[in-house]
């Protein structure tokens, strides 16, 4: 959060691109007050704007960061209340660490004449290629009026906005004849790369149909602030995180003194811990179906003691739909089982480890959340289970609730001393333990308590995930195709709608 409090946090800057698909012009009124981050430029005479201005946000894996987009338009007459007004499309890409900027200037020679009366009014549009093969607008030049031999003004642009620090990434440049009504006429296009552009004015930077001469000069850029540390985090791998939830069952839930007590006015500590962590991490799971297990209870009908049972009562299919489904299964299980000790961790750790052991290609990563208020009864077996699991694609989060002493949990965390069993050390640190009582807001603000808890318990997951992938040489999987809303024209990798033939290609003149 800054140098002032000496707290180091992993930050990953993301660039957000905003565009809109067809909508009816209407003024959007904000529903509540929010912190204004920035605004796009105004684009006139179009219902399908692609905004050039981008927004750089710090992305934190362990926090829920809500964003609101207000679209404002002017219209002579009021719109119809409740009418669908179209869609806002937001694309995000993790930004590189490149701090360079570049100064460029372009000119054209003998451009195509598009206006019947007079010459063309040309301008250039620059597109950066994305990881999924699509193109994102990153710059527009000014319009040079009534000429076929334009000289556009020099401009400065960050290299990471142009190619995200990848010097060989394709850059597409399109030339248009400006029209007042927004229906700009396409003149031509060509592709190049920053590596080619950086050669400066030369024969390599001359292109047909519009002969553009490029002059590239490196300009040192001074960042407004210093990134403390940067990390590539989970989403770029497109690897589903399989989330398991386990809880132990001490005390009578019908008594207000029980940590499982179901008050009609507020959630108990178990429910708050589950909701705080689950609501964030569930967005990284592909199908949002979570197995939820309990341990430390007598099960109906024979009273058999179990340390590994399905909260939904279905051992063949313990999966619950979303965190809300897990919460419902937890509440229902409190009505059907008889809570019983001792507190054994090893059975549930081994349960998840069996699933993780079957996946070694990096396609899945497992996160086990254990919520408990008791002292571990099988410490030796638990340490052995953790050591065995440290070579598997899984992490373990332990949340301690209640007033008990959790000294043994701190030993399992392994931040100070790497956990070992029978002389064998864990391959990597996979356990994160926090006592919930340290995060309870004194004013009774449970939402703030849950946010603080989630922030700390999830902070180590990205590093644990990456340490497993890196030690095994597992590379990111191919980027999935971009989402296209219904009714929005599907685009080919070159950025043209598939139902519209692309403009005539431009050949490179050497």
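Going from the start of the chain as shown, residues are counted 1 onward.
Backbone N, Cα and C define each Cβ position, glycine as well.
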From 441-475, 476-510, which range did TrEMBL mark with region 'Disordered'?
476-510
Averaged over the whole of the domain 'C2' (80-207), what is the pLDDT?
82
Just to be sure I understand, if DSSP states are collapsed into helix, strand and coil, how many residues of the domain 'C2' (80-207) fall in each?
12 helix, 50 strand, 66 coil
